[in-house]
């Protein structure tokens, strides 16, 4: 009988068997991997009937589930000693600061290339379209801005819930659930993308309030309509990237983008030569799908299939739990994206040269941002795995170390910008007036990058703990109550212009960093671990409910057939 079941079904059955759901008592308190939950007679009897004839060959993973991991942590606040760590599933030597630092750096290097390559993907098309004319460049820039705010920010923000769910499930040894969460998140974002693509299809309707030129609106809408075809591929890549990162496979997306970046450049050049303006978005669409398919091929033929049990109807159900973290993640990312675009709009009031200088500063900031963001992603994965495994000691050690890493990363980024400000600005322009405006404000950018390193890494730790709601609140308050109003006052009232915009932004970043660091430092780790286990208990109960519904429907069908 067991041979007829898919790997995903067998893994789900193992969870039920190892959690002692197949008991015939009316109501019992059951110790599972994730704590004590109540199981009713109707559910347990169903599980007993369904799996009584299932031969269960207990392997190393299932032994960990049933014997090696006790959920009996005393969740009081008096003692934070770790009572439940099982380092055997972490595939690492005994954790020390040196080992943890090495693991963070080893994970961050491929991720740095991944984010840097993704950044260059967006630059390729604009660079080549610029040779077609100013109207084409302006339309493509407006389309990319609209795509980033209404599309990319939404996809990335909602995908942050996988930083919590997938990594914690992997740390708990619930490998098949990593795949289920990946499917749920992918389908959920695909569903959300449908109204977004409708918005893009008719984008001229709302963009006319920003840009009055009819010819620019037509070109922008055409660009966005073509990008609709590539959005599913981009979504699959973003969620697939996190699916692999949660398994500590950080280099897969780097390999994929290492191939796709030159491919995109070649396709852009060829398609623009053949079809003109529309060739650029077509090249992007093809690249997004190649990225998704190559990542899928990596899982299938190289590594990462341990957490893939096949497609399941569970991926189409119970999105509410993911939405509780996906929506705050969306707010967190969206608020940051939008605030930078508002700064650009403000800079346009100071003239063409100031707008060009603002563009240079923003691009340099985005380029340098990729390095601390890569380190933060690696830290988020590691802390979430420790939370999933129930290790308070390892979680605390990783967080303490991450703050020193943030300081080092921030100083390195700030020094790179400050001492290299003129050569960096020369990469974008040779106009002396624009150059001087950019160079004047770049020391402020350097300070902002130092502060932002603490913000980036603290926010990543909050995501790993499942506290996206905290980070989203701080982002909204800091950017829209502190940063943007102060930027307006400094730039327009006190005539600091571009420098005033970045000073105001720096004040907001300082507020975010300070608030998030305090929240991270005051983390109640037992509560965080308990909440992680409660999320898994809820998912297990969902599965039992689904099986109960199926069994009831089958029984009703049999009764109807008999009559």
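Quick reminder: no glycine exception, Cβ is built from N, Cα and C everywhere.
Whatever TrEMBL says is automated annotation, not expert-curated.
Annotation source TrEMBL lists compositional bias 'Polar residues' at 1-35.
Marked as compositional bias 'Basic and acidic residues' by TrEMBL: 51-66.
Under the heading region 'Disordered', TrEMBL lists 1-86.
Per TrEMBL, transmembrane segment is recorded for 111-132 (among others). Long-range contacts of the transmembrane segment (111-132) within the same chain, counting only residues at least 6 positions beyond its ends with a Cβ under 8 Å from a Cβ of the stretch, are 140-141, 144, 241, 245, 250, 253-254, 257-258, 260-261, 264-265, 268-269, 272, 276-277, 280-281, 283-284, 287, 366-367, 370-371, 373-375, 377-378.
Marked as transmembrane segment by TrEMBL: 138-159 (among others).
Taken from TrEMBL, the feature transmembrane segment applies to 180-202 (among others). When Cβ-Cβ distances below 8 Å are used as the criterion, the transmembrane segment (180-202) is approached by residues 8, 146-147, 150-151, 154-155, 158-159, 161-162, 165-166, 169, 221, 224-225, 227-228, 231-232, 235-236, 238-240, 242-243, 307, 309, 311-312, 314-319, 322-323, 326 of the same chain, each at least six residues removed from its ends.
Look at TrEMBL and you will find 252-272 (among others) tagged as transmembrane segment.
For the transmembrane segment (278-301), the residues of the chain that approach it from at least six positions outside its boundaries are 121, 125, 128-129, 140, 143, 222-223, 226-227, 229-234, 236-237, 240-241, 243-244, 252-253, 255-257, 259-260, 263-264, 267-268, 270-272, 308, judged by C-beta separation under 8 angstroms. Positions annotated as transmembrane segment by TrEMBL: 278-301 (among others).
Residues 145, 148-149, 152-154, 156-161, 164-165, 181, 184-185, 188, 354-355, 357-359, 362, 459, 463, 466, 468-469, 471-472, 475-476, 479-480, 483-484, 487-488, 491-492, 498, 501, 505, 508 of the same chain, all 6+ positions outside the transmembrane segment (322-347), place their C-beta atoms under 8 angstroms from a C-beta of that stretch. The feature transmembrane segment is assigned by TrEMBL to 322-347 (among others).
According to TrEMBL, the transmembrane segment annotation covers 367-389 (among others).
Under the heading transmembrane segment, TrEMBL lists 401-421 (among others). Long-range contacts of the transmembrane segment (401-421) within its own chain (CB-CB distance under 8 A, at least 6 residues past either end) are made by residues 97, 100-101, 104, 364, 368, 371-372, 375, 379, 383, 438-439, 442-443, 445-447, 449-454, 456-458, 461, 517.
What TrEMBL records for 474-494 (among others) is transmembrane segment. Within the chain, the transmembrane segment (474-494) has long-range Cβ neighbours (under 8 A, six or more residues past its boundaries) at 331-332, 335-336, 339, 342-343, 346, 349-350, 500-505, 507-509, 511-512, 515-516, 519.
The annotation transmembrane segment is assigned in TrEMBL to 500-521 (among others).
Note on the transmembrane segment (367-389): residues 85-87, 89-90, 100, 103-105, 107-109, 111-112, 114-116, 119, 163-164, 167-174, 245-246, 248, 250, 395, 398-399, 402, 405-406, 409-410, 412-413, 416-417, 449, 452-453, 456-457, 459-461, 463-465, 525, 528-529, 532 of its chain, located 6 or more positions outside it, place their CB under 8 angstroms from a CB of the stretch.
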